[in-house]
Structures are given as structure tokens and as C-alpha cells.
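*Asks:* Here's the feature list from Swiss-Prot:
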type	residues	note
ACT_SITE	Y137	active site, proton donor
ACT_SITE	K208	active site, proton acceptor
BINDING	R190, D304, N443	NAD(+) binding site
BINDING	E280, D281, D304	divalent metal cation binding site
MOD_RES	S371	phosphoserine
REGION	29-50	region 'Disordered'
Amino acid sequence: MGAALGTGTRLAPWPGRACGALPRWTPTAPAQGCHSKPGPARPVPLKKRGYDVTRNPHLNKGMAFTLEERLQLGIHGLIPPCFLSQDVQLLRIMRYYERQQSDLDKYIILMTLQDRNEKLFYRVLTSDVEKFMPIVYTPTVGLACQHYGLTFRRPRGLFITIHDKGHLATMLNSWPEDNIKAVVVTDGERILGLGDLGCYGMGIPVGKLALYTACGGVNPQQCLPVLLDVGTNNEELLRDPLYIGLKHQRVHGKAYDDLLDEFMQAVTDKFGINCLIQFEDFANANAFRLLNKYRNKYCMFNDDIQGTASVAVAGILAALRITKNKLSNHVFVFQGAGEAAMGIAHLLVMALEKEGVPKAEATRKIWMVDSKGLIVKGRSHLNHEKEMFAQDHPEVNSLEEVVRLVKPTAIIGVAAIAGAFTEQILRDMASFHERPIIFALSNPTSKAECTAEKCYRVTEGRGIFASGSPFKSVTLEDGKTFIPGQGNNAYVFPGVALGVIAGGIRHIPDEIFLLTAEQIAQEVSEQHLSQGRLYPPLSTIRDVSLRIAIKVLDYAYKHNLASYYPEPKDKEAFVRSLVYTPDYDSFTLDSYTWPKEAMNVQTV
């Protein structure tokens, strides 16, 4: 722990500083980002021995165990007689990884490593976040979820079913860790843009929490992935003999709501009222109402609504430095009116209000197109969210017509309709404005509204492009090269989570997501903008997440949202002291000796 924080930084000891969870860092060391070179590993006492050590991914070091550790832990002979540093272990993994032909095979290798040696897994991820993020999360995680029956190797996370209702507290007691600080939960009904994958959706919470640690430094032993299995309406899965979930239609209504209510209460009863619960990939009908139902009662947020909103608004704020005007000068057309679209729209309204625009005027700057066309006043069966953005305008059937009529400065695709941004739409956008904003945010890549290459080619390099999934750099005929910005939620949720955990925040207001968007936009340099980037390089994401966490923590104390007191004087030092390190611990016994005269053997 950082000495500058001292004893009594809190009224009670910080919960969950498990052995091996802290980086070897001191506040007096020179600032070197999130990855200052660690000092010697301190000995960590273990009660486990033998196979209980080598088969525990939190403890296993493979051939990095020293001879002394092997002898003391009773594992000598259970490991080959070879001694490797973590650097060499990383090299072995990388060489094997590079031999794989498919991304799915690479995903399986990494997940198998996570099940075997957790520290090495995170050493691999943090060695090149930009390289490995598309494998452990979008777009490859979508493919892994579709084939989860084949890729499933070892249970990771907690599977809770509708038939366990009334016994969720008992099920949570089955989890081996008691000091959980973050839960990511899904019911598998709307996995990315792939639809209802039921129990196969567990790949999403597992992947998200891997990024909590790799990008945000949250201790993985304090994270819990949860799949709520209430059935699936995917007939293909119901017929599949390899499907690992409940084989019946989805349960809705009161029984579903009762399960969610019990789950939320059981989590907070077990892990505390400030345990963070992130909702992920719930269907639109449930996502909004559950967010509104729980947001002021529990420490929770919905990443598809609020996380996506934050990263999208961050990209828009960065784009303003290219268009050289204010947010209030822009008009937005959305392809899609689901969770992501509504989340972005609401945060845009908040940003416009902060700029001084009245709310009614701000909503008129946002036009939404769903499967039935432009959302207009008087249209039947509009839900509350859509009514807020319904325009006083005659009905318009297609996105192309809406773009032609409205002449927006920005189009944002979040409907998972591949190719929705046609060449005609892109040409129109380029004719209306010198620097049109074009965000194709749908995941995975196969569902993107347009490719980066198509956007830059049709707009002759004038389009300001961002996507939800990664695209390679694009070089036009004139030799100009663009590096597309990826609006990945991983810029948001790891840093927000670290800040929320650090402050013991009990409720997460939308202001935190606007603050996060502003911080991400500030991280983009002029050089990045000249390359077409609207987001900082993924290689810097751990440092970005750290600064977001510090901002969140500072905001929490200023607005009386934090529950841990006294307030840390040096918030950066405090947050850094919580960051997980993949460096191995030492498991040798604490050995020392007494003065010789004190050990004289008494005789008769």
C-alpha cells in the first residue's frame, strides 16, 4: 500500500485487499502510468498444497514456481524440472497463439489460459491490449457465444436459472469468493447484434470482466460473471443436443421480474449495497424498465444504454474539434431506436443542456428511424422512450428519405443492419456538409452499417468515421491514410467501475457517463484527429481508465455519492493502490533467524 495514504485512510479497513491483489507501488516512485516496474514480490502465506495450488488459476504459476516454492508447497515433481520467468512464459504463449489460423481458436487458447494461470492471462492481455481485445471481446466473443457449446471447457461464472427462484442466496454462497465488488449479468436475450443466444450468452459477462481487469485494473477475484437462464426462444438452440442451457421458451412477466428482484437483493445482501452490478445484453423491453427500476436503489448501470452513450458522445465531442463548431450546431439522425440509440440520445440532450440549449430544443435536434420509419408524433404504439424523440413531421418510410429531408450533420447507426448506410446516403451526407459525422456503431463487424473503407472512399476522405468494431487503416488513391476510430465501450466501463469501486458509490447518475465522455474526448490529441482517430489508441487504455477512475472518484466526493470516508487526500495515489498487477507473488515461507545466544539449547 502507498505509504502516503497512511493508516486510517478509511473508517474501516478497505474491504477485499486480498493477498496478491495490490501492485508493488509507492507514492514516492516516479509516475510511469499504470505499469510502473514492480519491486521484489512479497511472500504470501498459503494454506493450500499440492494439486490444490497447481489447479487453482489464482495461484498457479506453472514453471515459474521456484524450487523452494515447489518443495514447500508439495508440488515438486508435479511440474517439469524447468524454471521459467513470466517473460519466457509470455513468449511461449505468443508463439503458440500466432500458429492458430482462426480467431475462434485464438479465443479458446486465451480462455484456457485464464482457467489455468490467471496472472499470466492478464500479463498476455496487457502486453498488447490493442491486439487481444478483438479476441477476448468484440468481434470474436460473438462468434464464441454462437459456438459456446463447442468452446465450453470449464465453468466460469455463476449460472442461475428460473427454477432456482427462492434460493438465490444459497446459490451465491456457492461462489468461492466472498469479497465481490463487481458483477456483470445477462439473460442472453440480445447478445450483441446476434439475438437470443440463451445460456451461450455467458461469454459476454466473462469477456466484459476480463476487460475490467485488463483495461481498468480491477482485481479479477473481486469480479463475478452471472448468466440468468430463463430459457430461450431460439429454436435452433432448443433443437441442438450440445446446447448447455434450459430447453424451453423464455419465461416473461411476474416470474421473470421476481427472479430479477431476488437476484438484486441477494447480491447486495451477500456482497454489500455498493457492489457494482452491470447489466449487459438484455432485450430492449427489459433493459430500459430494469434500469429505471433499479438505478436509484442499487449500484448498477446498463452498459448497452449508458456505456454505449458515453463512448459515442465522447466521439462526437472529439469530432467537434474537426468540424470547428459547437454541439448545438449539429443535427443527428439515428438508424435504430433501441437501447443504444436512446442511451446516446439522452446523453446528447444532457450535453446540449450543459451547453445552454433548452431540453425541448435539444430533443428536436435528434431524429430517429426504426423498423417502421421516422418516429413521429401520433404514431401508434410508441413507448415512453420513443415518444420523447418523436418529431412533429409527416411519416417518412426510409433512412435515405430522412437523410435527404433533414440534412443532418451526423448519422449514427445502432440497429445492427449491415449496409444500412448506402452509398447514396454517404454521398448525400458529403454533399450537405464539408465534414459529415458518420458513426457505424453496430456490433459485430458483420452487422456494421458501413465499412471504414466505404465511408472514406465515398466521402473522398471528408467523412468523420467511427465504428463499434475494429476496422483496419484505409489508404485512399491520393495517398492519404486514415486510422478509423473504434467507439468501444471498453473506453468507458473499466474506468467507471474502478472509480465506483474506489469510492464505494451506491448509485451511478448519468452525469458520471457525461463526465467520462468528456475525459475520453480530452485524451484525443490533434495528431490523432489528423489521422481520423476520434478515440485515444487502445494501447493507452489502461492510463485512460485510470484517469477516468480518478475523475469519477473526485466527482463522487464532491457530490456526496461516495460512502468511504475520510476522503483520500491524494486520489491518484489511492486509485493506483487498488490497481491489480499480473506480477507473480512469492509463496515461500517467511523465513528468518534469532540471535545465536537466544537459541541456546537448555540442558539438565
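Note that Cβ sites are derived from N, Cα and C of the backbone, with glycine treated the same way.
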*Asks:* Tell me the Cα distance separating N443 (NAD(+) binding site) from S371 (phosphoserine), rounded to the nearest angstrom.
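*Replies:* N443 (NAD(+) binding site) has its Cα 18 Å from the Cα of S371 (phosphoserine).
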*Asks:* Here are the recorded positions: S371, N443. Which has the lowest count of other Cβ atoms within 10 Å?
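*Replies:* Candidates: the recorded positions S371, N443. Fewest Cβ atoms within 10 Å: S371.
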*Asks:* Including all protein chains shown, what's the count of other C-beta atoms within 10 A of the C-beta of D304 (NAD(+) binding site)?
*Replies:* 26
*Asks:* Out of R190, K208, which has the highest number of nearby Cβ atoms, where nearby means within 10 Å of its Cβ, if these are the recorded positions?
*Replies:* K208
*Asks:* Cβ within 8 Å of the divalent metal cation site's Cβ centroid: which residues qualify beyond E280, D281, D304?
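*Replies:* Counting only non-site residues, the set is T186, R190, I191, I204, F279, F282, A287, N302, D303, E339.
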*Asks:* Given the recorded positions Y137, K208, E280, which lie close to D304 (NAD(+) binding site), meaning Cα to Cα within 10 A?
*Replies:* E280
*Asks:* What's the CA to CA span in angstrom from the residue listed as 'active site, proton donor' over to E280 (divalent metal cation binding site)?
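*Replies:* E280 (divalent metal cation binding site) has its Cα 13 Å from the Cα of the residue listed as 'active site, proton donor'.
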*Asks:* Counting distance between Cα atoms, which of the recorded positions K208, E280, D281 is nearest R190 (NAD(+) binding site)?
*Replies:* D281
*Asks:* Count the other Cβ atoms sitting within 10 Å of the Cβ of D281 (divalent metal cation binding site), across every protein chain shown.
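*Replies:* There are 26 such Cβ atoms around D281 (divalent metal cation binding site).
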